[in-house]
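Structure record follows, encoded as structure tokens.
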Amino acid sequence: MKPVYCFSILALLQIFTVVVSESNWPTLNFTLEIASRAQRDISKLLPISQITTVGISLSSIFRNSGYTVDALSPLYDLLNGGNEAIMIDLYWNEFTSQWQLCPAPFPSNTTYNMNDVVDLSWENNDYQCQPGLSTENIMGIINSYIRDTNTNIGANFLRILFNLKSIHYENSNRTIDLQNIYKPSILNPVNIGNDTLNDTIASLGSYIFTPTVLSQYQSDASHVEKASSGSSINSTQAISYFYNQSNIIVPSLDTVLLSEYKRVSAHISSNELVNSSRVYQFTSYDTDLIFFNDVVPLVVENTTTGVAGRYCNELFNAYNSTGVDIETFNNLSLTTRLRFIVDSDENPFTVDTLSKFVRCGYSAIFNGTYDVGVNSSSLDFSDEVDEFIPYGFWSWSPGQPVDLNDTNSDSINNASMSSNNTDDSNGNSLAFKCVVLTETGWSVANCYDRHVIACQNSTSRNNWVLQETNKRNYFEIDKGDCPEGYTFSIPRSSTEMLSLQATVKQRNVPYPIWLDLNDITVPNCFVSGGPYAQCPYQRTITTNKFVRMIAPSFAVGVVVLVLILIENIFRTNPIQTNRKRYWKKAIQEYYNKNDFEGVPS
């Protein structure tokens, strides 16, 4: 290849590389994906115990479709659709001394194909179970999801909740008969399930955030706190120091995902094992891998009791004429406890109750069947759950964030921020790139509108100040607009959100209210830190900067292409030309010496 062609290709490759490297950002086509990522990024600095989410109980799937491998087919899509918790009923079979998913024992006097679906009966209930179904099928799907989303942009934190139950039988006259039916023998061993509890999740490997990892973090954190006491701190450190006052210190979501590279934790949400001589004996391997209540407390409420509803009402009204009950909110923030709410067929979630529970700090678990018939597929249940996901954010209003900018937004990206902007028909500036608090949650608003701003206490995260006389557009807000000790901020947890909304109601301040969140620099990348805050996933590139960046390469490429064109038009080959002259002269001389007339004989 000629050097001139090489230079041309290299120049074009340079231009292409610049474009690709600056647009290496996955296409965010769905509002839910953007909302989920924004909420995750805002909460990254908080302990994982403060993370509120939604999830599913696999029992609701199995009840509709049977305890089969095929019933798990929608699990990947449910995880991909925003569900970040999985509740699993796990049964200790006292006949086989193994953990299994099916609520009934398999008779040992029958030989099974592992792919068959068997009709079983136990404790006056009928089940359809597949012998080949085990927790390994569930963990395989979770592993696939984790690998597919294991990037800074896509990573999230999952929780597996185990409800431990027993397939138990009492010693009676029927005991021998039951043992003859269900207890495996040498001639017909029944090997369905796992021998130990830790085996049920062991295949997740290094992705698991374990009690051992937590213990090491707590040890390291205590040394860092002692070394840093008395030194000046920035806003990020202020958040850490506030939450490090918790009764049990746990790492932030950012630390777990991006430093420890952990994606999932396993917890015992309930222990209903029958105390008998055949009960499962927990080992140190179990407690090293799975969180029990004495390490990280966990509480599960049910919608049928009404306890969670009353608790939420108390939090929604934690204020009076003298002020907001900040102590209540701070205690909630500094008490390490995972809180879950599980619905039922008698009291299923509605969009209103789901939003209510998530807003007051409960992670919601879908356990009802939602009128999906027994003969329906698990995919039908998945569709029902998907309808609720937009209401499962403690932060965003349903359907938000919505992109209201149909025009080029380079003027907003420009450093001047004030010239050449988009106007409406009345000449008012428009830039729907900033976030406000409304009665239903966060919403995208015009950055040039004037609203009250949310000022948060730097050392007491649930203490907010709203000055109704101090209204600004988003670009005008600076440090001096908040009282001393307060900064323009945004709620980073459901509890901080509750305390802010309580302040709004107590002060009777009208919505909307500015929050420190925008996607000005990069569309669909919501960041805090003011209008110049940078997206962590992409360097900001405006049209002017992009033109200046590629102009030299483009100019070189054009010049090279022109030279190639000129060469092809005016090219002569001296070697080829001389060769033609030589042979023409040689042939002519030969004819002159041998000038024959007619045909030689």
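Note: Cβ is positioned from N, Cα and C throughout, glycine not excepted.
As given in Swiss-Prot:
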COMPBIAS  413-425  compositional bias 'Low complexity'
CARBOHYD  Asn29  N-linked glycosylation site
CARBOHYD  Asn109  N-linked glycosylation site
CARBOHYD  Asn173  N-linked glycosylation site
CARBOHYD  Asn194  N-linked glycosylation site
CARBOHYD  Asn234  N-linked glycosylation site
CARBOHYD  Asn275  N-linked glycosylation site
CARBOHYD  Asn367  N-linked glycosylation site
CARBOHYD  Asn375  N-linked glycosylation site
CARBOHYD  Asn405  N-linked glycosylation site
CARBOHYD  Asn414  N-linked glycosylation site
CARBOHYD  Asn420  N-linked glycosylation site
CARBOHYD  Asn457  N-linked glycosylation site
REGION    405-425  region 'Disordered'
SIGNAL    1-21  signal peptide
TRANSMEM  550-570  transmembrane segment
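With Asn457 (N-linked glycosylation site) as the anchor, the candidate glycosylation sites are Asn234, Asn275, Asn367, and the one with the nearest CA is Asn234. One residue stands out among the glycosylation sites Asn109, Asn234, Asn275 for having the most other Cβ atoms within 10 Å of its Cβ: Asn109. Taking a C-beta cut-off of under 8 Å and a sequence gap of six or more, Asn194 (N-linked glycosylation site) has these contacts in its own chain: Gln98, Trp99, Ser134, Thr135, Thr200.
Among the glycosylation sites listed (Asn234, Asn275, Asn367), Asn275 has its Cα nearest to the Cα of Asn109 (N-linked glycosylation site). The Cβ of Asn367 (N-linked glycosylation site) lies under 8 Å from the Cβ of Ile56, Ser57, Ser59, Ser60, Met87, Val342, Asp343, Ser344, each of which sits 6+ residues away along the same chain. A gap of 53 Å separates the Cα atoms of Asn275 (N-linked glycosylation site) and Asn234 (N-linked glycosylation site). The 10 Å shell around the Cβ of Asn457 (N-linked glycosylation site) contains 19 further Cβ atoms across the protein chains shown. Following the DSSP three-state reduction, the secondary structure of Asn234 (N-linked glycosylation site) is coil.
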